[in-house]
Every structure is written in structure tokens, then in C-alpha cells.
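J.: Take a look at what TrEMBL says about it:
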BINDING   Asp263, Ser264, Ser265, Gly314, Ile315, Gly316  NAD(+) binding site
BINDING   Gly316, Gly318, Cys321  K(+) binding site
DOMAIN    169-227  domain 'CBS'
Amino acid sequence: MAHYFEEPSHTFGEYLLVPGYSSADCIPGNVSLQTPLVKFNKKSGEKSPLYLNIPMVSAIMQSVSDDNMAVALAREGGLSFIFGSQTIERQAEMVAKVKSYKAGFVKSDSNIRPEQSLKELEELTKRTGHSTVAVTEDGTSNGKLAGIITDRDYRINYCPPDAKVLDYMTPFKDMITAEEGISLSDANDLIWKHKINQLPVIDKKGNLQYLVFRKDYSSHEQHPLELLDKKHRYLVGAGINTRDYMERVPDLIKAGADVFCLDSSEGFSEWQKRALRDLHKKYGDKIKIGAGNVVDAEGFNFLAEAGADFIKVGIGGGSICITREQKGIGRGQATAIIEVAKARDEWYRRTGEYIPVCSDGGIVHDYHITLALAMGADFVMLGRYFARFDESPTSKLMVNGNYVKEYWGEGSNRARNWQRYDLGGTRELAFEEGVDSYVPYAGRLHDGVGITTSKIIHTMCNCGALSIPELQEKAKLTLISQASISEGSAHDVIVKNTSIHAE
Ligand code: RVP
């Protein structure tokens, strides 16, 4: 006979936190959002080999997590899983870009040859939007440095358009440069000492390597939580599938990926077990692999047994996901997290091993993140949330007078087309499990994440918790009625300024 769960399944919008006692030291400055990313033996006092500094990771999706997003999010203390629904080469290239990204050291993307004309220079600056152009002998970003030219060196309406760049640039002999290997703070000292706006960094042969800009250094200082590896490179994850992992993972390891995640809407399967077994057999515990998604204790125990390093929870709750409509599978996200977190705690009591749990999808308001953490999640994965920012890979458009960004599901035809091409047109899609959509544009990731984490921290203070484990222990949660839900937003008034509505 079929199994019936006794309780109906609930989602975040049906819960609230009831404040607990806040002592005098429950102030935002004392709260830490650090959280483990992969499993560790907690009983023996071990620490997780990988931590996040904020409990947020970006979804394994084409419209969310590319190298640009990964750098922006790691800078804030979170982590991106670069999408796997692309060729192995392209994904490895994205991972390598994140790992080679030197905070504050920028590869010059506006370059010109000395004998090119001011007209060509003008066209280049219009195309790239950058007013500082490196002049290299071959016009490439790593060519021999000949000079630098900025919009203060020439006036396009007063100079002959066919005049040569070399007659207006600051030549190499008059420039302040630094040698490769210089630290960011030493580069910054040179910038201040010589009152320059940018410092070219060259190798021993005089080839341009990077530019360090005055404005970027202060940005580096604004990110005290940035998530770095031992070599001071940003941490980055990669999504993988259960088909080509034996070819994909070696290339991603070579590119520098720090952690992997098997990406599937349904992870309680023989395929995930085999992938975990094969990869751990080949790499031992040097490689960290999350698995999922599951929505009950049985699914959790299966993946824990199979060796998953973290377990992702959520089926059908994603904003662009129509899996529930199409296939009738899934579970309310709050209920799923509560049950899986209980199974995780039970597993820990039995084995001493703590396996972090990630709540994936369905976060609509910032406080849903706090609820997910209070219910036992160690971190959350978000798609829609990150898709809205400048740093997501998709186009920003104007629709009906409002700025929006594109956002599409991995189960939509738009995302899955690459596979069809990849498999030579042999695998046709029977039906879609995701939609192609717009989300309201939300500006810079740094600003959005700052507001979100500040709300989480303040709520934690209200619950008397200075850390995520403390929140999980102390949180008091209540289910609320439909009438209480309506009472929770502005009501019985005519709201003047709609922009105060909470995210
Ligand atoms: P959300 O943050 O609510 O936008 O949800 C993002 C999550 O939705 C992803 O991390 C993934 O688990 C799920 N997803 C991605 N594509 C699709 C789909 O096409 N159905 N679902």
C-alpha cells in the first residue's frame, strides 16, 4: 500500500519565527554567518575542510552562475556553482577564469597598437566603455607594453582622427610600472605615492600582465568576508551530471574547481550513487561532491550512505520550476527541510559525521533564508535572487517601462537545447520542466546581498543567536493561518511609497 505522510507539507510563507531572549551581546557586530559547506567529523572535533562566510550559494543554472557571478559572490563570502549544461571546455574555462582572477589585478581588455589611429581608439573605447587603454606592440592584453593612453591625453574633436596613438600616449619610458609578483597593497602604495590612477604590471620581458586601478583597491577593502582558498584565489564550485562525469570532472579539477555538485531535480537514484562511488573511488576524499535533490529522510539517508559531502533539498519549489505541475512530484520546501535536517541530526548522532544540508529553491523573501536556516539548513541555494543582479550572465531589458533581467530554468527548452546539439540531435525533449521568464532588475549584487545578510543578522539577534548552529538550536517557529499571513503585510492603509516593500 502506498505511503501517506501524515502532515500536509508546508512552505516558508506559512511560518514565522517567534523571538527569543536577546542578551546584551546579541548585537549585529557579534553575529557570524559562517557555515560548513561539506561534511566533517564533528564528534571528533574536526572542522569542515570548506566553509562559506555567508550561507548563500548561487544556483547551477545558465542564467545565474557563470565566472562573473562566481567572482562577485565569492567576494561577498558566498559561492557559485558554475553551470554544467554546457560543454566541458567552456565550463572548465569559466572555472579557470575564477581561479586566475586576482582581486584587484585586472586583465586589460582595451588594448591598441601604437601606430593605430585616434579614430580607431575612439571606436575601441566606445565598444568597451573603458577610458584607459593599454598600448601594446601587438595590440593584445599580454603584448609588450609600449604606453598607456586615457581620455585625458587627447580630445577627439580637436585632434586629427588619423593621428597616431603613439603621438598622444604616455610612453613606456615615462610610466610607473610594477613587476609581476607585486602584492596588491604594494601596488596600491605605488599608486598613491606617484598619484596615478592605474598601475601596469609587467613580466620580466616587459609584457603586460595586469592593470591595477586605484578605485579597485578600495573595493577590495570593502569585502572583508571574501571567500578565498589557501593561495588567496576565490573559491568556486561546479555543477556536474550523472552521464559524463568521468570526462568532465578531471578537466574541472585541472581548472581548479574546489567543490562539485551533482545537479538533478531528483537525486534519490542509482545514477547519483554510481557517480559518487566512481568519483570517490578515483579521487578518494580529495574531491568534495554534493548531491541531490531529495525531500525526505529516506532520500537523505540514501545519499549520505552513498558518500555525498553535502545534500541538497527541494523539488518543484524553484520560481521557474513547473516539475510539480508537469509530473506531480515534490514537497513543500519548509516541510522537506525540517524532515531532512532531522535525518541529518540523526545521522550525526549515529556516525559522528555532520553532513551540511542546502535548501534549494523557493526563496521569495529575504526572511525565508533565515527560516530555512532556523529549520536546519546550513546554507541556501538561490536562482531567481541572483539572476536579478548586474553580475548575472543574462541580458538586462526594458519591459513595460521597467528594467528586467532574463531568467530561465534548466528544465526549459532554452537551457536544454545545448544537450540536444551535444548529442547530435538524438535526444528530443518530451516536455519542459521549467519556464523562460523575466525577473525585476535589482542593481549590484554587493548592495542586494548586503541588505539580505543584514536582515538575517538582525533576525538572528531577535532570536538570541550569534551563529547559525545557535539559531538552529534556539529558533522557535510557528505555523500561521491564512489570516495571519494577510496581517503580515501592510493592510487597511493606502500605501504611498511601494518601494518600501520588502524583498
Ligand atoms: P529559485 O531560487 O526559486 O529561482 O530556484 C532555483 C532552483 O530551481 C535551482 O537551484 C534548481 O534547483 C531549480 N531549477 C532550476 N531549473 C529548474 C527547472 O527548469 N525546473 N528548476
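Glycine residues also receive a Cβ, built from the backbone N, Cα and C atoms like all the rest.
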J.: Using the residues the record lists for NAD(+) (Asp263, Ser264, Ser265, Gly314, Ile315, Gly316), what whole-number Å value is the largest Cα to Cα distance?
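T.: Across Asp263, Ser264, Ser265, Gly314, Ile315, Gly316, the widest Cα separation comes out at 14 Å.
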J.: Can you tell me how the residues of the domain 'CBS' (169-227) break down into helix, strand and coil by DSSP?
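T.: Across the domain 'CBS' (169-227), DSSP assigns the residues as follows: 21 helix, 16 strand, 22 coil.
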J.: Using Cβ-Cβ distances, find the residues under 8 Å from Ser265 (NAD(+) binding site) that belong to the same chain and are at least 6 apart in sequence, listing them in sequence order.
T.: Asn293, Ile315, Gly316, Cys321, Thr323, Gly411, Glu433
J.: Reported as an integer number of Å, what is the Cα distance between Gly318 (K(+) binding site) and Asp263 (NAD(+) binding site)?
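T.: Cα of Gly318 (K(+) binding site) to Cα of Asp263 (NAD(+) binding site) measures 14 Å after rounding.
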J.: Under 8 Å Cβ-Cβ from Ser264 (NAD(+) binding site), six or more apart in the same chain: what's there?
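T.: The list for Ser264 (NAD(+) binding site) reads Asn241, Thr242, Trp271, Gln272, Gly292, Asn293, given in order along the sequence.
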J.: Please give me the CB contact count at 10 A for Cys321 (K(+) binding site), counting all chains in the structure.
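T.: Excluding its own Cβ, Cys321 (K(+) binding site) sees 24 Cβ atoms within 10 Å.
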J.: Any idea which of the binding-site residues Gly314, Gly316, Gly318 has the thinnest Cβ neighbourhood at 10 Å?
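T.: Looking at the binding-site residues Gly314, Gly316, Gly318, the Cβ with the fewest others within 10 Å is that of Gly316.
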J.: Around Asp263 (NAD(+) binding site), how many other C-beta atoms are within 10 angstroms of its C-beta?
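T.: That number is 25.
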J.: Which binding-site residues from the set Ser264, Ile315, Gly316, Gly318, Cys321 have a C-beta atom lying less than 6 Å away from ligand 1?
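T.: From Ser264, Ile315, Gly316, Gly318, Cys321, counting a Cβ under 6 Å from ligand 1 as near, the near ones are Gly318, Cys321.
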J.: Which three-state DSSP class does Cys321 (K(+) binding site) fall into?
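T.: Looking at the DSSP assignment, Cys321 (K(+) binding site) belongs to a strand.
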J.: Taking the Cβ of Ile315 (NAD(+) binding site) as the centre, how many other Cβ atoms fall within a 10 Å radius?
T.: 27
J.: Grab the pLDDT values for the domain 'CBS' (169-227) and give me their mean, rounded.
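T.: Per the prediction, mean pLDDT sits at 88 for the domain 'CBS' (169-227).
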J.: Which of the three DSSP-derived classes (helix, strand, coil) applies to Ser265 (NAD(+) binding site)?
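T.: It is coil.
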